[in-house]
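Asker: To start, I am sharing the structure in question, which I have written as structure tokens.
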Amino acid sequence: MVWEMARSRSLGLFASCLLLLLCNGAEGQRGRERVYYVGIIEDLWDYAPSGKNLLNGKDIENDEHASVFLEKGPHRIGSVYKKAMYRQYTDATYTHLAPRPAWLGFLGPILRAEVDDVIVVHLKNFATRPYTMHPHGVFYEKNTEGALYPDGTSNMFKMDDSVPPGGSYTYRWEVRPEFAPTDGDANCLTWVYHSHMDAPREISSGLIGALLTCKKGILKETNYTVQGQTKPESVEESVRNDVDQDVFLMFTIVDENMSLYLEENIQRCSDPDGVDQEDPDFQESNLMHAINGYMFGNLPGIQLCQHRAVAWHLFGMGNEVDIHSAFFHGNTLLDRGHRTDVLSLFPATFATAEMVPKAMGKWLLTCQVNDHLQAGMQAFYEVKSCGSEGSPMLTGGVVRNYYVAAEKVLWSYAPSGKDLINNVSLTEADSASEVFFGKDDGKIGGRYQKVIYKEYTDNTFTTIKPPDSQHLGLLGPVLRAEEGDTLSVTFMNKADRNYSIQPHGLHYDKRFQGSSY
């Protein structure tokens, strides 16, 4: 009997220890709760607060491209629109806004978390319409999805689908391992959140922000001070320990024609009663080709330190016209292990890339889609010396000299005069090629004046060097170099207007950028 009692006590003690170990292990895997207080506000937003196209210094009304979108008139809204926006507050009183970088524009606050963490968002709606918060890239239950659609739920499971004016709701989202960065991913992945009762219209109205999910051990806590109701208060913020800073950019054509505030924004016109909402020119004037809600170089404050790592988080939203090529002048990035200076974006795609800026100066950041470039989807970023030492430059390379001229030529797109696939004349009546190569009805045909690059043998520019291959066509010569080499290009303009040569994927300083801005 004594032995039985002792054995029972031993088993009980063992069970208690095992339970304690299991609990401690679960606690270790649980991560932490990261709490955010977010309000939805309504305010006026200016796409070009300087009043200028900062790429050329012209006032908006004197710029033929900027004036299309930003000049106010009897039937034009101009650069200022009412929007709904997410804003972070320091605590549950919702009295003090949390600090935010100027370049974030109208985007909501950046929400950060690591694997196994729980993101807790206390949302308060200060707007005049019901809205929600719906995340991408994290796990959520039906009662914290924040998306309104006929999903078969009711009662408490629908409360997250519509937060009324003056109302509040708490969302809980989990960064489970199956949603987190994999071993082959960047340390942190780019996601977004947005309102999702009528998502296209609500995003156009301004309700979208960025969400960052990271591997374990990437985030650290830092404190900043804000003025409380009675005294300064310390507020905690999560930042990364593997890069100097994160920069988040949304490339999109913000369609203000879809905004829930269009009628109110029309009242900003000097003759609102005369506005025809179906007028194509009016609709075009409300297509704001923006980066974080800024156009024509007005995006403020992207300042980087030379030789310090920067994580760029880019995303696209919108519709079929939102195909973007984000080009970083002056520096290159690593995108999923590949060296590039352009990141491609489509609607609802998210890109994460890392840059260690080498070239100092003020550089352009643009969408290279021709129409978007002309319509103002351009910004600046600046690289400064912050006292950091970079890795030594490679030595032992050679200087590779090229002599290139720009020359005007009459170029034929089909010198044979035949459709060589179907073995018929390019101008045969009713053929597919006749549309492009026929010369009747004032059409040009297949021969056009062009300016092309030609390579010469030396700096006298008297002897043309034969092209490497006929297939290059109207392309310029191929310039080749190895790691550590220097390309020295002597350029002569033999054409009848100003031209330059701008390289991609190489290191250069402002003297050799070949671009005017």
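Using N, Cα and C of the backbone, Cβ positions are placed for all residues, glycine too.
Taken from TrEMBL, the feature domain 'Plastocyanin-like' applies to 106-212, 474-511. Annotation source TrEMBL lists signal peptide at 1-28.
Distances, neighbours, how buried they are, the whole picture for these features please.
Answerer: Looking just at the domain 'Plastocyanin-like' (106-212), the mean pLDDT is 97.
Taking Cβ pairs closer than 8 Å, the domain 'Plastocyanin-like' (474-511) reaches residues 330, 332, 339-342, 358-361, 394-408, 411, 450-456, 459, 461, 465, 467-468 in its own chain, all 6 or more past its ends.
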Asker: For the domain 'Plastocyanin-like' (106-212), what are the DSSP-based totals of helix, strand and coil residues?
Answerer: 20 helix, 38 strand, 49 coil
